[in-house]
Amino acid sequence: MGGSAGSLRRLSDSEGELISQESEDPRRPQDRQGAHWKNVVGFWILGLCNNFSYVVMLSAAHDILSHQKESGNQSHVGPGPHNKSSRFDCNPVSTAAVLLADILPTLVIKLLAPFGLHLLPYSPRVLCSGLCAAGSFILIAFSRSVAISLCGVVLASISSGLGEVTFLALTAFYPRAVISWWSSGTGGAGLLGALSYLGLTQAGLSPQHTLLSMLGIPVLLLASYFFLLTSPEPQDPGGEEETERAARQPLISSEDPETPQRKPDSSSGLSLYEKWTVFKGLQYFILPLILVYFAEYFINQGLFELLFFRNTSLNHAQQYRWYQMLYQAGVFASRSSLRCFHIRFTWALALLQCFNLVFLLLHVWLNFLPSIYLVFLIILYEGLLGGAAYVNTFHNVALETSDEHREFAMTTTCISDTLGISLSGLTALPLHDLLCHLP
């Protein structure tokens with residue numbers, strides 16, 4: 001954003017003066033094409049950087065709780081026989097504790113977002129998000145206690161939650177194609193975050209130095225926002241997305257056919273009745289996304305630690321990291337799939353994810369799967385379902401919400417995944433205690 005930074009400051013700080021000189025769009029076609037690519041690539045990078053710290057914290061959850069970073073010898077990092085009588089080789093505290101520290105601040109931010117956070121200018125929000133991400137890496141890297149490490153995880157949560165609310169709302173002022181690129185970037189964050197943590201620690205780098213090596217990610221986020229994005233423009237009414245949208249009934253339509261071009265933070269002018277009407281229309285998309293994320297994060301932070309195979313060359317900590325990496329690989333593939341296929345009935349994805357949860361929970365209880373590689377395949381499939389649910393939910397909301405309500409709708413819908421994850425963390429904690437005390 002160089003010029004873009006100033007334009008987005010005008011966009012947010014003046015509460016909504018959409019840049020009028022863009023409306024006639026006097027630029028040459030190649031200039032418009034260049035701006036289009038800068039924007040879609042910019043949103044991909046923003047998605048990547050925004051979710052990166054969140055993913056790394058979940059990948060490092062096992063190491064944070066086992067707290068053996070001081071040795072610097074990753075081959076020995078593991079939970080240790082905290083419960084020698086249990087077949088699960090459990091940490092004293094479930095990795096769901098890290099999940100809750102990584103998600104509850106995000107939940108608070110997203111709950112407040114539709115009722116006032118959108119009134120704050122975009123630029124300070126993005127700056128705060130970048131600083132919190134950097135602070136999380138530094139705090140955990142130099143921490144000498146689990147409590148301090150969890151404070152670092154909280155900072156990562158604030159960064160990710162604030163960034164997601166901000167950038168999803170910002171997509172309302174760009175062509176809808178940026179939603180697909182944002183989603184792909186968030187999926188890329190999962191894959192790159194989990195793979196980089198796995199690869200660097202497997203290569204012998206200590207968790208402390210691994211986290212410090214990731215400080216360039218918050219810098220990239222700020223550079224992409226301030227120097228890469230261009231000024232928002234009126235959307236092209238004739239495109240594939242508009243054709244598809246025209247075939248659907250908006251959740252709530254403008255009563256005035258002459259409604260003027262939307263302005264940034266226009267949702268702040270919606271009445272409570274309008275907000276409630278939009279929210280009711282969103283339930284068809286919000287509820288299945290909550291269920292999808294409840295099931296998959298119950299698996300990720302409630303069962304991954306307990307899916308321990310002793311007959312492999314991978315130790316417990318390494319198995320956990322491989323689970324996280326394969327899950328994120330599936331998420332990245334499916335969040336990048338929107339141009340290949342669209343899924344309107346996301347309830348089917350929710351039911352399939354719940355089946356995965358039941359199946360893996362039965363294995364944890366009965367131990368009937370003979371090989372860790374079968375679990376690898378199931379976890380990859382789990383990631384595919386979760387990523388598809390995310391990208392298709394926000395795509396459907398963008399298509400079926402009228403222009404003047406889209407910013408509010410996108411901000412409100414992003415509570416779904418966070419609420420599902422929070423519920424799964426709260427449920428996984430007592431399950432961990434129950435199973436880890438079984439002989």
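Each residue, glycine too, has its Cβ placed from N, Cα and C.
Predicted automatically and left uncurated, TrEMBL annotations should be read as such.
Per TrEMBL, the range carrying the annotation transmembrane segment out of 179-198, 319-338, 419-438 is 179-198. Here the listed stretches are 122-142, 149-173, 179-198, 281-299, 372-391, and the one with the most C-beta pairs under 8 angstroms to the transmembrane segment (210-228) is 122-142. Panel annotation: around the transmembrane segment (281-299), residues 99, 251-252, 327, 346-347, 349-350, 353-354, 356-357, 360, 379, 382-383, 385-386, 389-390, 393, 396-397, 400-401, 409, 412-413, 415-421, 423-425, 427-428 of the same chain, lying at least six beyond its termini, place a Cβ under 8 Å from a Cβ of the stretch.
When each of 41-61, 179-198, 345-366 is scored by its Cβ pairs under 8 Å to the transmembrane segment (372-391), the top-ranked stretch turns out to be 345-366.
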